[in-house]
Structure formats: structure tokens, C-alpha cells
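Colleague: Would you mind keeping the following structure in view while I ask a few things?
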Amino acid sequence: MGEFRAILPQGAGYAIICGLGAVFTFGMILTTQMLRRYQKEIMTAEEFTTAGRSVKTGLVASAVVSSWVWASTLLTSCSMEYNNGIFGGYSYSAGASFQIIAFSILAIKTKQKAPNAHTYLEIVKARYGKLAHSVYLFYAFATNILVTAMLLTSGSAVFGDLTGMNPIAAAFLLPLGVVIFTMFGGIRATFLTDYIHTCAIIIIILFFAFRVYATSDLLGSPSKVYDLIREAAKRNPRVGNYKGEYMTMTSKPAGIFLVINLVGNFGTVFLDNGYWNKAISASPAATLPAYIMGGLAWMPVPFLISLTMGFACLATETMQNFPTYPDPLSSYQVSQGLVLPAAAVTVMGKGGAVATLLMVFLAITSGVAAEVISVSSVFTYDVYREYFNPKATGKQLIYSSHAAVFIFGVGMSGFSVGLTYGYVSMGYIYEIMGIIISSAVVPVILTLCWRQQNKVAVICSPVLGTGLAIMSWLVCTKSLFKELTIATTFEDYPMLAGNVVALCSPCVTIPVLTYVFKPQNFDWEILKSIKRVDESVELAELAKEEDIEGIAVDLASTASGDSTNQNNKDSSESTADEKDNLRVSESKIKPITTILSSIQKETPEEMTEDMIAEEKALARGLKIAYFLCVFFAFAFLLVWPIPMYGSHYILSKKFFTGWVVVQIIWMFIS
């Protein structure tokens with residue numbers, strides 16, 4: 001195995017992680033304080049977790065893209081292109097974008113059926129009780145732990161190999177800034193950083209694309225890259241690809257990975273409360289377009305970066321400035337995600353190394369921020385408030401969220417170090433996730449989509465599914481390779497067997513258990529009994545601190561429940577001067593009254609009009625979501641890949657050039 005030669009000094013790694021991390025942390029803390037001072041935005045428990053449930057389409061869409069742009073999105077997609085050719089990059093992109101589009105259905109269902117929920121686990125408990133709730137707590141935390149471990153192991157490996165930085169130090173320093181700014185700003189801070197990070201990552205990807213396909217002295221055109229890739233196929237033909245070519249969609253390994261990717265990522269989207277957080281935080285009108293836009297805007301990110309850097313690595317691996325020359329990258333180095341940094345260093349030198357570190361850093365911090373918020377909301381509302389302090393105040397819930405953020409960040413750093421020393425790569429974690437968690441996907445979907453699913457089915461199906469998946473994975477490994485090791489359990493067919501069994505087994509066990517033990521016939525109105533946190537007393541105190549006593553009195557009376565029609569009548573007889581003062585106070589405290597609006601009582605007429613308009617919009621959006629889900633499933637998973645796979649077509653130079661141009665245009669649209 002050739003040693004990956006560090007091209008940058010250790011100081012560069014520490015400068016990006018500590019320096020840039022400090023800039024983002026200080027910027028988010030400053031932004032939060034400015035919003036508090038000038039916009040009177042108050043960090044309540046509801047605001048920390050849901051951002052007022054009023055975030056608009058563009059910000060939600062960018063947050064979805066950023067949360068789904070993991071380090072593995074950039075690194076694993078390039079590894080797949082390097083290993084399996086053009087179908088490898090496509091299998092990653094198509095196999096992971098559809099879930100975001102499909103999730104729009106659950107996002108709308110949540111708004112319709114459980115508008116006050118903070119996590120999907122609250123919905124599970126309201127429908128099935130505490131035992132089912134505890135089962136899905138395991139799957140929620142397992143998802144967050146596996147995703148965060150993958151982010152930190154891949155990030156520490158890239159920083160270590162490009163700069164010689166100690167990977168243990170990288171694993172502990174990478175989440176530090178995220179933990180700090182999340183504690184100060186909550187989910188709103190992550191929305192703001194997500195937008196900035198997404199823009200920066202897309203700009204860097206476009207820089208790489210134009211460098212490789214237009215301006216590089218080593219490559220510089222699609223034609224040159226095409227010729228070098230065809231030569232690589234003659235030098236090292238890919239087993240499982242048609243004629244060993246990389247310029248073909250006929251690739252058995254890539255097809256297997258497409259299925260593994262599709263199955264595994266249902267779990268990492270549908271069971272990660274971070275995506276539910278964004279759905280809950282979105283305004284009702286933004287729910288559908290945000291997730292559709294997010295899915296379509298995300299797809300060209302792995303598509304273009306893999307097409308650019310995966311092929312750039314393959315085309316340049318025999319050149320003297322390649323980091324492991326004269327050896328190619330080892331299978332472990334490829335699995336650890338070093339294809340992208342190797343290509344960047346070879347084609348662009350130190351500038352490429354810095355751009356790679358910056359992009360990976362941004363991807364890791366965005367991903368970790370989403371996971372941290374997810375864990376904090378689950379711990380606060382589904383562990384602390386549910387089992388330890390059911391009458392917790394808003395301040396106590398915020399303290400609980402802060403504690404969860406800190407403990408999770410530190411704990412995951414230690415866990416990722418253990419995985420690194422155990423030589424468990426990013427690619428291994430990525431593919432094993434589906435085996436462990438995907439058996440809970442179907443029960444969670446049916447919790448909001450099928451009123452007949454009963455308690456026995458929802459509890460037993462995921463447990464049986466996980467057991468059967470692990471058994472299938474290990475039995476397949478033993479029968480094919482005669483031994484159980486990290487290497488053999490990472491082979492394609494065992495991973496395929498385990499992932500497919502995990503996702504599909506509940507499709508059999510749920511109907512059987514439901515009809516054997518009697519269908520539930522659930523009343524959806526029960527989910528509306530989930531309550532938001534009543535923080536009106538604390539808001540009244542905050543109003544007094546802001547010197548707006550008129551509003552403070554109203555808030556306090558609302559909180560105590562002593563506000564009566566007579567009080568309303570008396571207040572309407574205020575003098576003109578008092579009304580003027582009240583208008584000024586209302587302008588100061590508007591964000592506080594916005595937060596309180598869910599607690600204060602409206603007239604029946606106002607509630608009915610708002611509810612009817614919102615229900616109509618959500619019902620219309622749900623129909624559109626169903627149609628788009630089916631349309632994109634056919635487009636991305638059937639119509640596009642299958643004819644090209646079955647035709648054994650080897651891309652011509654003109655076709656490949658057009659393929660590159662389309663991806664660049666798509667990225668500009670994103």
C-alpha cells in the first residue's frame with residue numbers, strides 16, 4: 001500500500017478546523033444576539049427546536065441540501081466513480097436523492113395530523129404508548145450515532161492524510177464549533193450556517209469541474225479525460241463492468257450499490273429526527289416545495305463531484321505527482337474517501353488540497369449540526385420531559401438541550417476515534433447503516449399513513465427485521481467467503497442481502513401481525529393532543545425585561561388563564577395615549593407574541609378560517625407530493641438507468657461531453 005503523502009503542513013489543518021470553526025461560531029453567536037436585541041427574538045425551548053414553525057421555502061430547501069451533503073456525499077460518490085465508472089457516481093446520486101423527495105409526503109402528513117409535534121417519536125408514543133416509544137428511541141439514536149461517526153471518521157482521515165494532522169485531534173476538534181454555536185442559536189443557527197455552507201460547497205465543486213474539464217494543464221477538457229479513462233480500462237479493467245469499461249452504465253457492482261444505497265438511505269432520512277425537525281420548522285406552505293427543491297438541488301452535488309474528481313483520480317493515478325505514486329490507492333484508502341483529495345492534489349496541487357479541506361470541513365460541520373439538533377430534540381422531548389420531568393419549564397428544556405448537545409458531541413468524538421483505530425472505514429459504516437436501522441422505516445411510514453397498523457406490529461416488526469438482516473448479512477458472508485472479517489463482511493453480496501432484508505421484511509411481518517392481533521383503526525385526531533411547551537409565564541418575564549409592561553401584563557394574564565372577556569372589554573376602553581404606547585410596545589415585542597400565538601386563544605371564527613385554508617393547502621400539496629414521488633421514482637430509478645444498463649452502451653466522446661455539460665448546468669440551477 002502506497003503511503004498518502006501529506007502536501008500541507010499540520011498547521012493548515014488546525015487553522016481550518018480551529019480558525020474557520022471559530023469564525024463560524026462567533027458569527028452565529030453574534031447573529032443570534034443581534035436577532036435578540038434588534039428583532040426581539042427570544043430563545044425559548046420551542047424556538048430552539050422548531051424556529052417558530054415558520055421557516056420559508058428557500059431556507060428549508062438549503063438546509064435539507066446541506067444536511068444531506070455529508071462528507072461521504074463528496075467522498076464516497078467519488079470512490080464509487082473511481083471503482084465502478086460512470087454508473088458508480090449515478091448510483092450514489094439517484095440512490096440517495098429520491099428519499100428526500102419521498103419524505104415530503106411524511107412532512108405534509110405531520111403538518112396535517114400532528115401539527116404540534118417536536119419529534120416523530122412523540123407521534124409514535126401518542127399512537128402506540130411507551131413501549132413502542134422506547135423501541136424507536138433506539139433506532140433514532142442509532143441513526144444519529146452512525147451518521148455522526150461516519151462524518152467524523154471520514155473527516156479526520158482526510159485532514160490527517162492531507163496535512164499530517166493527528167486524526168484523534170481532528171475528531172475532537174471538528175464538532176467543537178458546531179456544539180458551541182448550536183447551544184447558542186438552536187435550529188435557527190443551523191439553518192443560517194446551512195445556507196452559507198451549501199453555497200460555499202457548490203462554488204468549490206464548480207471550481208473543481210471547470211479546472212478538470214476546462215483549464216487544467218494535466219487534463220483540461222472532457223475529451224482528454226475521456227481518452228485517459230478508456231486507457232485506464234485497458235490498464236486495469238473493472239471486473240463486473242461490460243468489457244471492463246468505466247464509460248458504461250452496465251456495471252454489476254454499481255447496480256448492487258444502487259440497491260444498498262437506496263435501502264440504507266431510507267433509514268438515514270426517515271429515522272433521523274433532523275429531517276423531521278426541518279419539516280416541523282417549515283411553514284405549512286413551504287413544506288412541499290422545500291423538500292422537492294431540496295432533493296432536486298442535492299442530486300447534482302454527488303453527481304458532478306464524482307464525475308469530476310472520481311474520473312480525475314482514475315485518469316491521473318499513473319502520473320508522478322499522484323500522492324501514492326507509483327502505487328494506486330489501496331482498497332482501504334478508497335473506502336476511507338481519499339479519491340477526492342488525491343485527485344485534487346494531483347490536478348491542483350496545494351490549492352486543491354486547501355479547497356478539499358474547506359469543502360470537507362463545511363460538509364462535516366453542516367452534517368454534525370443537523371445530528372446534534374436531532375439528538376438534542378429527541379433527548380429533551382422524548383427522554384427528559386417524557387421520563388424524568390413531565391412538567392419541565394421552557395428554561396429547563398433549554399438546559400436539557402444544551403446538555404445533550406455537549407455530551408453527544410464529546411461522546412461521538414471518542415466513538416469515532418475507536419472506529420479509526422479499529423480500521424472501520426467510512427464506506428463500511430455507510431453500507432452497514434441500512435442493516436441496523438432500516439427495518440424501522442416501514443413502521444414509521446405507516447404510523448402516519450395507515451390507521452390499521454397495531455401496537456404489536458409496530459413493536460415486533462423492526463426488532464425481527466434487524467435480527468433477520470444481521471443474520472442474512474453474516475450467513476451470506478460465511479457461505480461465500482468462509483470467514484467473518486471486516487473485509488469479507490464489506491463485500492457486495494452480503495451487504496446487499498442484509499440491507500434488502502432489513503427494509504423489506506416488515507412489509508411481510510406488519511400485515512401478518514396487524515391482522516392476527518386485530519387492526520387498530522386509529523383515530524388521527526388523537527395526534528393533535530400532542531402539546532407545545534407553555535412558556536407564556538417566561539415570555540411575560542422577558543417582556544418585563546424589555547420594558548414593555550403593557551404586553552407583559554397581557555402575557556402574564558394569558559399564562560395564568562385569568563384573562564376574561566371583561567378584561568378584554570376593559571382594555572378596549574383605554575385612552576388614546578395608552579393605545580399609542582401599546583402599539584409601540586407591540587412593535588418591540590412582535591416576535592414574542594408570534595411565539596405565544598400558539599398558546600393564546602383565538603376566536604372560533606379565526607381558528608376555523610385559518611384551519612380550513614391550511615388544510616386545503618396541505619391536502620393539495622399531498623396529492624402533488626404523491627405524484628412527484630412516483631414520477632421521480634420512475635425517472636431516476638427505472639427510465640434513466642435501466643435502458644442504459646441493458647443496452648451495454650459504452651459512452652462515446654460526444655455523449656460524455658454532453659453528460660458533463662448537463663451536470664454543470666444542473667449544478668448552476670441548484
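Cβ coordinates are placed from backbone N, Cα and C, and glycine is handled just like the others.
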Colleague: According to TrEMBL, which of these ranges is transmembrane segment: 31-50, 51-70, 111-130?
Modeller: 51-70
Colleague: What residues in the same chain, six or more past the boundaries of the transmembrane segment (51-70), come closer than 8 Å to it by Cβ-Cβ distance?
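Modeller: The answer is 96, 100, 147, 150-151, 186-188, 190-191, 193-195, 197-198, 201, 269, 274-275, 278, 280-283, 285-287, 289-291, 293-295, 297-298, 301, 363-364, 366-367, 370, 591, 594-595, 670.
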Colleague: Is it true that the transmembrane segment (456-475) and the transmembrane segment (254-276) have 3 or more CB pairs under 8 Å, sequence gap of 6 or more?
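Modeller: They are not in contact.
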Colleague: Any chance the transmembrane segment (12-30) and the transmembrane segment (402-422) are in contact, meaning at least three CB pairs closer than 8 A with a sequence separation of 6+?
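Modeller: Judged by the Cβ rule, the two regions do not touch, with the required three close pairs absent.
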Colleague: With pairs 6 or more apart in sequence, are the transmembrane segment (254-276) and the transmembrane segment (402-422) linked by at least 3 Cβ pairs under 8 Å?
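Modeller: Since fewer than 3 Cβ pairs under 8 Å link them, the transmembrane segment (254-276) and the transmembrane segment (402-422) do not come into contact.
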Colleague: Contact between the transmembrane segment (402-422) and the transmembrane segment (135-159) is defined here as three or more C-beta pairs under 8 Å separated by at least 6 residues; is that satisfied?
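Modeller: Yes, the transmembrane segment (135-159) contacts the transmembrane segment (402-422).
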Colleague: Look over the recorded stretches 195-214, 357-381, 428-449, 495-517 and say which has the most C-beta pairs under 8 A to the transmembrane segment (402-422).
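Modeller: Looking only at 195-214, 357-381, 428-449, 495-517, the most contacts with the transmembrane segment (402-422) come from 357-381.
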Colleague: For the transmembrane segment (357-381) against the transmembrane segment (428-449), do we get 3 or more Cβ-Cβ pairs below 8 Å once near-sequence pairs (under 6 apart) are dropped?
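Modeller: Not in contact, no.
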Colleague: Look at every Cβ pair spanning the transmembrane segment (428-449) and the transmembrane segment (495-517), keep those 6 or more apart in sequence, and say whether at least 3 of them are under 8 Å.
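Modeller: Yes, since the transmembrane segment (428-449) and the transmembrane segment (495-517) share at least 3 Cβ pairs closer than 8 Å, they count as touching.
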Colleague: Grab the same-chain neighbours of the transmembrane segment (495-517) for me: Cβ-Cβ under 8 Å, and only residues 6 or more beyond its ends, written as numbers and ranges.
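Modeller: Sequence-remote neighbours of the transmembrane segment (495-517) are 256, 259-260, 263-264, 266-267, 431-432, 434-443, 446, 452-454, 456-458, 460-462, 464-466, 468-470, 472-473, 476, 489.
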